[in-house]
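Asker: I am attaching a structure below and will ask some questions about it afterwards.
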Amino acid sequence: MIDFDDVAAINPELLQLLPLHPKDNLPLQENVTIQKQKRRSVNSKIPAPKESLRTRSTRMSTVSELRVTAQENDMEVELPAAANTRKQFSVPPTHPRPSCPAVAEIPSRMVSEEVEEQVHSIRGSSSANPVNSVRRKSCIVKEVEKMKNKREEKKAQNSEMRMKRAQEYDSSFPNWEFARMIKEFRATLECHPLTMTDPIEEHRICVCVRKRPLNKQELAKKEIDVISIPSKCLLLVHEPKLKVDLTKYLENQAFCFDFAFDETASNEVVYRFTARPLVQTIFEGGKATCFAYGQTGSGKTHTMGGDLSGKAQNASKGIYAMASRDVFLLKNQPCYRKLGLEVYVTFFEIYNGKLFDLLNKKAKLRVLEDGKQQVQVVGLQEHLVNSADDVIKMIDMGSACRTSGQTFANSNSSRSHACFQILLRAKGRMHGKFSLVDLAGNERGADTSSADRQTRMEGAEINKSLLALKECIRALGQNKAHTPFRESKLTQVLRDSFIGENSRTCMIATISPGISSCEYTLNTLRYADRVKELSPHSGPSGEQLIQMETEEMEACSNGALIPGNLSKEEEELSSQMSSFNEAMTQIRELEERAVEELKEIIQQGPDWLELSEMTEQPDYDLETFVNKAEFALAQQAKHFSALRDVIKALRLAMQLEEQASRQISSKKRPQ
């Protein structure tokens, strides 16, 4: 056994810490060579032990035990540390044998080689694991490596998830990423749709929204549904958006109404919660109005008139027919039978600011106000009906005559407001009136500006009447003393529906679910939401009402841009839209004046005919003939001069309208 105390006593310099030499910082291979030479010079002074003689197997077992112990102590191989390690170890032989008398002592060279082998084994083991022995990692480096590994794992997981999602959705499918995001969002919703068993709440102003399913054209284009209705009064619009870096995301906008009908709701369900509560009102001597409002092609005519199959319509499944059936059911009840009520119906349309009777070969009607400030529709025929079947026949007759045309969004769009009225009369006097209005499809002015003049005039008149309708509903909801019903022919005709304490109104906003109609859908919902938030149930503050009053125009009704916080290009477009609307108003006024002057000229026709007949008599008075001719010419000259001036002004207004339309088309914002 080696006694290191004796070794230290003989060589005290071994216990001294040697300063590091600059060469110790050399690379590992060169450093090992230098240290090996130093150890040889130092270890050569160690004497051999005198107690016992060890064989080669004993030396090998000692070296192996030293190697294992060095690994357990992290093998920090520094020269002073190695010396301390050698000092602490006392390794007994594995197989002790008696000392051999033939050998007196072990040469010092053998001991030196043995120690050298032990140190070299420790050096070798430390060089085999240089990370732990030479450079130990700090905590910061370890944390950075952990974060890097987690990041790589997260990237791999995301890549795997994207691959799985891509397999679920066809990558060639347009907007498939938006479809996936909408599907994931809907998975988090708890849906409780409206059912026939839900209670009906009565409102003076009831605003509902109805979503139609995707039609054949939208399915052929592989459009996605961006509308969700999770509950009976809540609607969500998943508006697709793009960030600056072209990252796609959804902006989910929520709207709350009295009732919200999804694509599975039938006309019967819609009627039960919208128009049916209003039938009782007209039997109580009131006025009721039900509007269907929305983008062209969103399902207004289907809701009001019934199922459509091409141009044919099943009127028995529309709100018109359902309301008439309930009217006759209530009329036959004992409490109302004694009143002796008679049921009359009228059906007319308002097209481009003019009224036409759909039940009288589209005869043109005139709207006048009598001395009692009551609006009268001159020439409108009222038809007596005795059953719901008679009403359906009238509806079929009038619907076949209604004006329609091709627009940006619908090839067979209703371009007029159709008003079907159910009148209750008791002994010739008006007892109650129910007006069911299928409004024309609203479109933005920027979309109709590139069409022909007739389409532009249609769109301008439609938007003007819708804006006036909103103002009248606002006055009704706030119980204002003044109702601005003179702003359009539509509100003039429905004036008595907006005044009086016993007046009730219901609006059904119909929307399209396709992604291409998202902007139009938002415009419709904002219009309907404005009507609802102005009702007494929501109770806006006075500051909000003042802000609503000062707004110049609703984006959802006419599509014009609201001044303020706009770019220079948008301000120019807004100014041009204002000029376009002014030109349209001027054209409409001049047109009416020209028609009046022409009628005056035609009325002078009998005078000329009388003069012609006078000349056929053999003894007519020439003096009388000349006097009458001069008088007729003077009258005709006055009317012709007035007509000529009106026609010139009309031509100028048409040129201004054409110029404004071209400017709008050239600067129209990209969609």
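Each position is counted from 1, following the chain as shown.
Just so you know, glycine gets a Cβ as well, placed from its N, Cα and C.
For 564-604, the entry in Swiss-Prot reads coiled coil, with the evidence type sequence analysis. The annotation disulfide bond is assigned in Swiss-Prot to Cys191-Cys233, Cys290-Cys506 on the grounds of similarity to another entry. Annotation source Swiss-Prot lists domain 'Kinesin motor' at 204-534, citing sequence analysis. The annotation phosphoserine is assigned in Swiss-Prot to Ser41, Ser52, Ser57, Ser61, Ser112, Ser121, Ser133, Ser138, Ser465, Ser567, Ser579. Annotation comment: Swiss-Prot describes 1-200 as region 'Globular', evidence class sequence analysis. What Swiss-Prot records for 36-62 is region 'Disordered'. According to Swiss-Prot, the feature region 'Negative regulator of microtubule-binding' maps to 153-184, an assignment based on similarity to another entry. Annotation source Swiss-Prot lists motif 'Microtubule tip localization signal' at 44-47.
For each feature listed, report its degree of burial, its nearest neighbours and the pertinent distances within the displayed model.
Answerer: Taking a C-beta cut-off of under 8 angstroms and a sequence separation of 6 or more, Cys233 (disulfide bond) has the following same-chain neighbours: Cys256, Phe257, Asp258, Phe259, Ala260.
Classification of Cys506 (disulfide bond) by DSSP places it within a strand. Shown in sequence order, Ile205, Cys206, Val207, Cys208, Thr274, Ala275, Pro277, Leu278, Ala288, Thr289, Cys290, Phe291 are the residues of the chain, 6+ apart in sequence, with a C-beta less than 8 angstroms from the C-beta of Cys506 (disulfide bond).
All chains included, 9 other C-beta atoms sit within 10 angstroms of the C-beta of Ser138 (phosphoserine).
Cβ-based neighbour count (10 Å, all protein chains) for Ser465 (phosphoserine) stands at 23. In the three-state DSSP classification, Ser465 (phosphoserine) falls within a helix.
In the three-state DSSP scheme, Ser579 (phosphoserine) is classed as helix.
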Asker: Under 8 Å between C-beta atoms and at least six apart in sequence, can you list the same-chain neighbours of Ser579 (phosphoserine), or say none if there are none?
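Answerer: Listed in sequence order, they are Leu656, Ala660.
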Asker: Mean pLDDT for the region 'Globular' (1-200), rounded to an integer?
Answerer: 61
Asker: Work out how many Å separate Ser465 (phosphoserine) and Ser138 (phosphoserine) at their Cα atoms, rounded off.
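Answerer: Between the alpha carbons of Ser465 (phosphoserine) and Ser138 (phosphoserine) there are 76 Å.
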Asker: Where among the disulfide-bonded residues Cys191, Cys290 do you find the Cβ with the fewest other Cβ atoms within 10 Å?
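Answerer: Each of the disulfide-bonded residues Cys191, Cys290 was scored by Cβ atoms within 10 Å; lowest is Cys191.
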